[in-house]
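Okay, structure first, notes after.
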């Protein structure tokens, strides 16, 4: 096959490309340039798409003897990821820009151009697996074998079309073995640290970034009884479950810590309460993505709401036509925010199967 290797400049994508070459595919490496501002992400080594990362990706491709290109997706990245991030916080949501980037840029946009240029698939360094069912139908997306690095959650926002054109060569390997393989191949990125920062906020100050783009939208912090505690500069400064930075002078009557339990962007009201007030038992989600035929109607499954969070079993009611689902949790979750992805899994001894996902729009205690 003719495959496009998405080269982030890290060790995982390097080994993924190497394995694709070893498998006999015709491989071309591509690094995505995502920043319109050369003073931010392009010069930072903390993100996943800096100038240093591009140079690392080129060196790997040179080592493998495959062509290497840099594609400028900065306009689409700004529109689909950065602007969406800002808009979501402005309405009281807590988005995950890395999931959004996977959905809109690293797969949808990359595949769109790749297929137009005659490529059959995109190969990435994500820790997830695709397995073919016995009847030879469409492949299933499963968790990677390394529980500490599994990235099936961040891929749960993809559509079936993207999954059909993906290859995840490192999903059946644990991270230490990937580093050993990279070292044996002579890749300079063998010991390169993983990146976790939001690439377009290289200094890590999310509040300052949002404040610059959203501006002052004053509102009030209140307790569970509606008592006003202090004014704030905007709901974008808060997320569900937040404890630090509330700057409330008067302590709670019972002396317990306060957490953000609700955000009403329309009124600018931020409600705080105890950890107990964070517990929710029902999740409503829309903007559904379907990766498995079992994601329909009434099903028992598991749900994960954070990239590195645990799973909770639930009873799901899924209406494909209405683009909506309700998840009744078998045990409560804490700190679940609107805008997060709820990814559904079907437990399986060979690796949990990703059924699909939805974007959380409402929760109930």
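Cβ coordinates come from backbone N, Cα and C, glycine included.
The active site, nucleophile annotation in Swiss-Prot covers 101. The active site, cysteine persulfide intermediate annotation in Swiss-Prot covers 199 and rests on sequence analysis. Marked as ATP binding site by Swiss-Prot: 6, 7, 8, 9, 10, 11, 12, 13, 32, 125. The disulfide bond annotation in Swiss-Prot covers 101-199, and the record cites sequence analysis as its basis. Annotation comment: Swiss-Prot describes 126, 340 as site 'Interaction with tRNA'.
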By Cα geometry, the one of the recorded positions (101, 126, 199, 340) nearest residue 10 (ATP binding site) is 126
Taking DSSP as the reference, which of helix, strand or coil describes the residue listed as 'active site, nucleophile'?
helix
Here the 10 Å Cβ neighbour count for residue 6 (ATP binding site) comes out at 25
Nearest by CA distance to the residue listed as 'active site, cysteine persulfide intermediate': which of the recorded positions is it, out of 6, 12, 32, 126, 340?
32
Same-chain residues at least 6 apart in sequence with Cβ under 8 Å of the Cβ of residue 101 (active site, nucleophile), in sequence order, are 34, 77, 81
Which state, by DSSP, holds residue 12 (ATP binding site): helix, strand or coil?
helix
